[in-house]
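See structure below.
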């Protein structure tokens, strides 16, 4: 409907309508006066007959024959070729025979109006078209007009624009506080000028995708009470040279005229990347645009009252001149929300969605660590879609569980049929991941195991921490590598012929091992040094611009260390599965019976599990001996019970995001009936053989340590 009204408002439709009316008028003007059109042959027959005729008129030029038999019978036709000579002779004969009163020939020529119309109509049409094009260029210069490619494409917020407020934003309170202060700057500038404070010229919002950067900007637009100009970074660069800089100038001119005002540039990294990179040189179009942006923000001629808010996912590629104080005075990180933030986000998005009485949003928040606001909104939307698909009145826990699985791993492949052997291999593969994760002390809890195909996986083991973790220890990294290799080790142990299903596990484990050696300085042989430059060329991709800053000999040492770490993790996983073969078989039997096992069901199966001990101390050198003095006790926090039992979730960092992957420890459950000594070492790294569990009738009479004081080999390292 809007497109139709836009078409009828334009002049083009009226021009075409006028031309059509003129053609119709000329058509009807040339006909009429009561004459009936007849074929040429019939007209010639009438003239050659002996009927009495009142008059005949031959009009040259148009070659028209008009025959009047009487007042009620008038005919019109046309002659062709040289018929006129024959017609004239016949008409003269009829006049002599007195069967025709008279005839006349006419050669009137064209009328002056018709001649003018035919000669000048094409020029009139061309002139009207150019007038329309120029009018469109002036009226739509900023919206893609012919002459308006240098105009800004910014959208200006109006009263009719749907508004978001800070009440619609949750999970990033620090960013909200900073942006609310920007709103106060614009509303009450005297309050800040009284103490000598200056209004910030720019605010940069950066963080992972889906954390709410654009939503924060919309909230500022909804509450600022000043004109709000929004534009994407990619809108500045077009096919014409200089368009980007022209649009920057036009954008700031519009904002200055409407000051105080706010400009929001989304994805500013499209124009704000490092200058001098890539193949464009100093005359690259993006560089001209960036230079103009730098001048407008803090150049020679700057007027106050305009605040620039920008958002990006990659602050590392932005030009340093853009980030300095005086341009982007504030740089606000918008990270993935913590537990409390996720709960608030779920409450915001649950508004208007009917929930069952037993739905606990706090439980959903605990089960979704690492998810962004967009992920959580997608979870609730998927749950609502599943509820509507099943024609249910309210959203229940089962729909929310399925929604979480769909967001993490994709929809279930109900039509994919696997034979029993493939299902058995998948069950042992996922069971190997889960068992090794539960046996290692530094892994995350196993939340769910399934052998139902979902997404691109034949099955998956969901491993997530019970609380938010922001770092990882060396022991946790090594344990995570062991559970990543658990699936491959299980296939080798059981089927003696591993499959290709562990390719993604090997990829993840290799990344962890290489980061452990080259980034984190956690290899005793390489030392505490970062190898490999992390700087990248903005126009050459993520890693194409990286340079190796170490020798070939060091590269060989790195490769050897990575291989050794992977081999140790692989062997630890194999030994762990071998020592817990009965538990692994029971887990597979339960997977075949139920197809999906929850956290509580897995904990029940793993009660007799033989768990691996903690790793020994690591300092990277024999010269650095760790202290035996324990750390100080942190101060008491009001409202926190220091003596309350801790939730058994080990620390977890950014290495393994909350995606379906193998592994996990089970917090809060009782240990198995047998555990090796705390300093026991698996045979894979030089330790002794797995000791037998003590006899239940004679507790404490298990195998005794050797007399040399080294009970079961060197501690885990």
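Counting begins at 1 with the first residue displayed.
Note: Cβ is positioned from N, Cα and C throughout, glycine not excepted.
As recorded in Swiss-Prot:
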TOPO_DOM  1-9  topological domain 'Cytoplasmic'
TRANSMEM  10-30  transmembrane segment
TRANSMEM  112-132  transmembrane segment
TOPO_DOM  133-717  topological domain 'Cytoplasmic'
BINDING   207, 208, 209, 210, 211, 212, 213, 214  ATP binding site
ACT_SITE  430  active site
REGION    617-717  region 'Disordered'
COMPBIAS  691-717  compositional bias 'Pro residues'
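Contacts of residue 213 (ATP binding site) defined by a Cβ separation under 8 A and a same-chain sequence distance of 6+ are given as 205, 206, 207, 311, 334, in order along the sequence. The DSSP secondary structure for residue 207 (ATP binding site) is coil. Within 10 Å of the Cβ of residue 208 (ATP binding site) there are 14 other Cβ atoms, across all protein chains. Fewest Cβ neighbours within 10 Å among the binding-site residues 207, 209, 210, 212: that distinction goes to 209. As a whole-number mean, the pLDDT of the topological domain 'Cytoplasmic' (133-717) in this prediction is 78. If you take the Cα of residue 214 (ATP binding site) and the Cα of residue 430 (active site), they are about 39 angstrom apart, rounded to a whole number. Cβ atoms within 8 Å of the centroid of the Cβ atoms of 207, 208, 209, 210, 211, 212, 213, 214 (the ATP site) belong to the same-chain residues 311, 313, 334, 372, 373, 374, site residues excluded.
Taking the binding-site residues 211, 214 in turn, the residue surrounded by the fewest other Cβ atoms inside 10 Å of its Cβ turns out to be 214.
Just so you know, the Cβ of the residue listed as 'active site' picks up 29 other Cβ atoms within 10 Å once every protein chain is counted.
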